[in-house]
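Working notes, beginning with the structure itself.
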């Protein structure tokens, strides 16, 4: 009987790496992004915040100081109250319009076949390829007194209506610009929805309206939430469309900041408006997120 030669097992476990060695590659790879964030976002934001405490002298410009006069002027002046109310009123209206229209478009898009779905998705995303200034000028020509819309009303004996340089013009143009930012998140949520769930509800004698309200819409809340946050944030800080379609009379927060920095040269006051816009924007968005997230959790059981 032949003897079996056994080679002794000499594998040894690798030495354990120190914690700092395990995390070193991650920090090294994320360092460029962190440096860009600090250089392009954090430092300018801190500089803007510091500028809000400066004084302004019409003769010499900003003067280094530590005072709260700029905050008092913005928080207690009715002129700035009107600007912020108009800004958030327009932003909420645009968000509501995009939520309704964008959810409907995404639902129809998800029910299309493959060739048509790609075509209509391209149509929805194509405005993003055009400069926002070009789109603003396009809406300005459409909504002007001699534009195509008023010409169409004139054919039926109506008008002309004043639509340019109104809140209506700003809302319409912003809704057109922001709509893709609502459609894509909702459409992504619909892609994760199992069609058999709807079929099961219909087979249990649920009406299509009940199926849509009780089965489909609760599943779309994450997409509607993320889309609404993007649309609201971008609408509240929009500058090109309000300045071109609102004119000099209808001020929003972004155009007020522009005027203070480049017209009045009151940089501390402009920085204060920008910081308060950021803070108010965050408060509204976080409140909206908490309310919608709580409702979504309750609907999901």
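Residue numbers in this text run from 1 along the chain shown.
From the backbone N, Cα and C atoms, a Cβ is placed for every residue, glycine too.
TrEMBL annotations: computationally assigned, not manually curated.
Transmembrane segment is the annotation TrEMBL gives to one range among 33-54, 55-76, and that range is 33-54. When TrEMBL is compared with the stretches 142-164, 165-187, the one noted as transmembrane segment is 165-187. The stretch that TrEMBL tags with transmembrane segment, taken from the ranges 119-138, 199-218, is 119-138.
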